Amino acid sequence: MAYARVLLKLSGEALMGDQSYGIDPAIVQSIAEDVAKVVAKGTQLAIVVGGGNIFRGLKGSAAGMDRATADYVGMLATVMNAITLQDGLERAGVPTRVQTAIEMQEVAEPYIRRRAIRHLEKGRVVVFGGGCGNPFFTTDTTASLRAAEINADVVFKATKVDGVYDRDPKRFPDATRYDSLTFQQVLSGELAVMDSTAIALCKDNNIPIVVFDLFEPGNIGKAVAGEAIGSRISNAT
């Protein structure tokens, strides 16, 4: 395997499947089965999950909610997704722990960096919920932060598109996909991959990001093996 320790970022929207809201159990089980295959080969894997399938703080703020309050609601939505992922993973035979940045001891462990690393060393998947515990920060930024904290080799951003494009491929059929690019290219070009804080964190800590299509069967395993899928972002192309 090309990577020993991986941080997998899943958007909340990815868990919806073809639905317009909520969680598609079939998608959760498909992700769990792919993760199980990777973990069985010895890769240590942590997950950060978003909450946009249930609530998105920016939309709440745009509708008149206080931004910080809306972000806290979004953080709670990520915990719902994290617990759902834990259930799917454990049904797939993967021992899993949920750690949350907002303490809720009845359903999850509090986020403790050293404990998270110990879980990974024991072959458990750790799902991080609750964002980073502070408003005004995205779950993409949380993914970069947790990756740096647990000394991950790479961040996988598994999404609905098969990589990074020079413009929106849904609106522009002639959009060009990048096989590889630098963090500086992403920041300078304002490419819609992750927010600038998330990109800068990975840049400063020299953690590459691989963006790929979550819904292509086996892609998580291919990415862990270092196969050339999606787009790779790093300090040097």
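Note that the numbers count up from 1, one per residue, in the order the chain is shown.
Cβ coordinates are placed from backbone N, Cα and C, and glycine is handled just like the others.
The shown structure was predicted, so the numbers you read here are calculated from the model rather than taken from an experiment.
Site annotation for UMP in Swiss-Prot covers Gly51, Cys132, Gly133, Asn134, Pro135, Phe136, Phe137, Thr138, Thr139, and the matching candidate from Asp34, Asp66, Asp71, Asp162 is Asp71. Shown are the binding-site residues Lys9, Gly52, Phe136, Thr159; of these, the residue with the fewest other Cβ atoms within 10 Å is Phe136. In this structure, the C-alpha atom of Thr138 (UMP binding site) lies 11 angstrom from that of Ser11 (ATP binding site). A gap of 13 Å separates the Cα atoms of Lys9 (ATP binding site) and Cys132 (UMP binding site). Listed in sequence order, the residues of the same chain lying 6 or more apart from Cys132 (UMP binding site) and placing their CB within less than 8 Å of its CB are Ala101, Thr141, Thr142, Leu145, Arg146. Nearest in space to Phe136 (UMP binding site), taking C-alpha to C-alpha distance over the binding-site residues Ser11, Gly52, Thr159, Asp168, is Gly52.
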